[in-house]
Amino acid sequence: MKYRKIWIGSGLVLLIAAMITVYVIRNTQAQEEVKTVKPTREEISEEIVTSGVLEAGGKQEVYLDPERGQLSEIPVKPGKKVKKGTTLVRYRNDLLDSERQQAEMQIEAARVKRSGLLRQLNEVKKAGQSTPGVPGGGAMSEEQIRQEIRLAELELKQAQKQLETVLKRLERLNVKSTLSGTVVQVNPAGGRGASAEPLVIVADLDDLKVRADVSELDVMKVKKGQSVTVRSDALPDEEWRGEVIRVGELPKADEKMAAAPGGGSGQVVYPVEVRLKTPIPLKLGSNLIVEIATEKRKALTLPQEAVREEQGKSYVFAVEKGKAVRREVKVGVSSGDRVEILSGVKPGESVVLDPPEDLRSGTEVKAR
């Protein structure tokens, strides 16, 4: 009987120990290992995200101009670097060539006439008398000769002025580059009108800019000198810095038409120019993502991976006494990979980072 009691007592002890072991194991296994983070107060930037297009800081487009004359030559090729003043397009104008020749002949005739009159004047001075004039016109006095000289000089000046005018018009037959840059397009078949293509395009590829479109709701926040981050889907792992250099005072022309009565319901947008501070290995016309930092201030923030959203409301899992507790938060602006927390958590509290989809409020968690 005594041994029986001992065995029963030992069995109870072993059973209780086993139950405790199972409870501890189950309790340990029930704990979810999570990574936690604490809200921090740091400087954030309120950003406007919009689209943009890569453009040259300086660009010249030369269109066909039949009023100058007949297209003669395009002496440049795509890829050629040119300096300011380089001839890009040449025209030919036979009428102007004829006017130039006529003006040159008038100048020569006026000079010959003046030279002859000056000789006559010298002869009169030497002889002290009149000299024969034109055939059948009688003799010319010294005063008459001087008057004829003045008329000849006037004719010469008029002819020279006419030649200067013609030469200036001839100079317009050579269309020259207004900037130093690179020839990016040559199209000898370029025409006229709204759909015409330029004959030549010269762009300054060393001075690139981004032209962005900002909505009328956001444009009042954009100021000259604000920092800009530029990204491209073509190079998703890279970004480039820039700054706002101009904010348009008027909306884009096509957007004004869309907003006009009967012109559709298009959103009004304003052009914003951004100058890049770093080189960008993309072609002109590339589409870009433009982030304009419009405001900087100190704010309580969390990584965006810590914040979840459901039915239009944001929430986090705060860690309280070893348990994950779902807590609704009010968020503000996003800046990079951080999001502003307006309410819901306080500095120093632990929050689950990138919580698992199956994490539930009340689940015991263990920070790793």
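Using the three backbone atoms N, Cα and C, a Cβ is placed for every residue, glycine included.
Copied from TrEMBL, the annotated features are:
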COILED    93-176  coiled coil
COMPBIAS  357-368  compositional bias 'Basic and acidic residues'
DOMAIN    60-201  domain 'YknX-like barrel-sandwich hybrid'
DOMAIN    208-292  domain 'YknX-like beta-barrel'
DOMAIN    299-366  domain 'YknX-like C-terminal permuted SH3-like'
REGION    347-368  region 'Disordered'
TRANSMEM  6-25  transmembrane segment
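Helix, strand and coil content of the domain 'YknX-like C-terminal permuted SH3-like' (299-366), in residues and according to DSSP, is 3 helix, 41 strand, 24 coil. Model confidence over the domain 'YknX-like barrel-sandwich hybrid' (60-201) stands at 84, taken as the mean pLDDT rounded to a whole number. According to DSSP, the domain 'YknX-like beta-barrel' (208-292) comprises 10 helix, 41 strand, 34 coil.
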